[in-house]
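Below is one structure; the comments refer to it alone.
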Amino acid sequence: MAREIHSLPDASSLPFSPVPPPFDRGEPAGGTPGSAGSFITPEGEERPSNEWIGSPNGAPAARIGQEPGRASPRGPSRPGRGPMPRSEETITMARTRVLVEVTADDHREGFAAFAEAASSPDSARRQLDRALGAVAGLGVEPSESAGPIPLFGGPPGAADPAVPRSLRAFAGPETAADLAATSLVVPAEVEESRLEELRGRDGVLGVWPNSPQHLLRGAEPDLLRGTEGRIPAPARAPSAVDCRPFREAVEIEAIREALGVGALWEAGFRGEDVIVGIIDEGIDGDTYPVAGGFAPEGGSRQPGTAPVTSHGSMCAADVLVAAPDARLYDYPFLGVPDSGGALAMFQAVLDRRRRDGTPHLTTNSYGFVGVPDRRTNPRHEIHDIDHPLHRKVREVVASGVACFFAAGNCGEQCASGACHPSGTGPGRSIHASNSLAEVITVAAVNSRCERVGYSSQGPGMFEREKPDLAAFTHFFANFGPDRPGGTDEAPYDSGTSAAAPLAAGAAALLLCAAPDLSPDDLRRILLSGAKPAGEAEWDPGYGRGVLDVAASYAAMTEED
């Protein structure tokens, strides 16, 4: 059966202690704008801005929206060099990763079917075969999955897909009634030449991209353009923006003081009885209090089994900076982080929520680092608000779970080296689920409340006023000297990846004080206490201001 973890280490034993001064890698981004629709590499080559991005792990480059290392329609790729010239091509049938959405006539108990598939690979295969029966003969092969993923709203294509009101019943501790799925989504692979035929089959409601997601680490090396050690002109930014070399990281005591957590701790609210779901690459359950989570039977990574140097372990530590007594659920992506994996994890969140009213919050520190051309990829997650992943996120929020998303690390002053010019700077760097109106989008500032220059800037590509607020980054929690993760992987916790779980931890304190707060209530209270960044009510770099949970708590108690 699918693994559920119930053991809970003592959160008070986590080794948060003073540490020596920080180390700054100072890794810059590179490349400059070229003519319309292109950019100039440091070597002087003009490249299409919607074509190639670097893989975060050094694998062959891939087009935006295409899995790194997978064959391109223009031929196989070579590490760091793009597609082979025609003279070097081998004959290959290019396959692409998609999400196939089909009708769900026989899924009257959508949650029970999903749980059965997660607990039995044989059941998962039977369900997948039934779901793909309408497309037999097209060479559609399911990729790693917990089985078909049910959707409960719809129909796809509606301007504002309906979300069933019955999801609101999931907030209580008692198991709520099952729901009939309106459609099923299957992560799969198919030859690109068969896509149009697949879309035209009866019973197929949509064929959507299943694009790779990028974990939003801090300042990363530029894997595409090879500009390590170079300082681009945008790094010479105004003093209000923190760019390379970044200001020194600080101890967590300084972050806690800046957040104002002491006011809630003194009132007895330290996050107890609040559970935060971390959707990421996995958490080290020997170091952090992993109390549950999800992975299908036989899945490639089970909850609580990731190394302490993982990105998910960093996010776990950052939640506990604000809420040391909160508990964590671990939702590691299935295989590589892509939209299908995230979709399955959000369904698992919804399934657990239906059974016992938990988790109460999720934090999500991943996203996209480039924007594909809308004309050639109109259904990409960045462009189509009806993509199944976005519809599932809205279902989770409708069930009462506040979802925090990192804004991204593609701000214009000193973007992460992983960022593509097409997705860098104001109006282009907050997109996909990270820019949904229903989620809380978090930008990053340093301990002096200066915006970190890689923090992505609004307006958002779906909801205009994104980010919602800013929270702190560049501090010693999981990473750093004498910290659990050490310094080999990273010198300190960084990126909007650290800011989002820190904000989720602050929200856990407010939920501890007022358990009945809805996601909309949480957003309103957090924003009411945020410190404005200037005279404008909303700022594209800071949102409504910098997180101050003490002020939010004071505003909440005044309302009572």
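Positions of Cβ are set from backbone N, Cα and C atoms, glycine also.
As annotated by TrEMBL, active site, charge relay system applies to ASP280, HIS311, SER497. Under the heading compositional bias 'Low complexity', TrEMBL lists 68-85. Taken from TrEMBL, the feature domain 'Peptidase S8/S53' covers 271-545. Per TrEMBL, region 'Disordered' is recorded for 1-92.
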Practice prompt. Report, as a single number, how many Cβ atoms besides its own are within 10 Å of the Cβ of SER497 (active site, charge relay system).
Written response: 30
Item to complete: Averaged across the domain 'Peptidase S8/S53' (271-545), what pLDDT does the model get? Just tell me the whole number, please.
Response: 96
Item to complete: Taking the Cβ of HIS311 (active site, charge relay system) as the centre, count every other Cβ atom within 10 Å, in any protein chain shown.
Response: 24
Worksheet item: Which state, by DSSP, holds HIS311 (active site, charge relay system): helix, strand or coil?
Response: helix
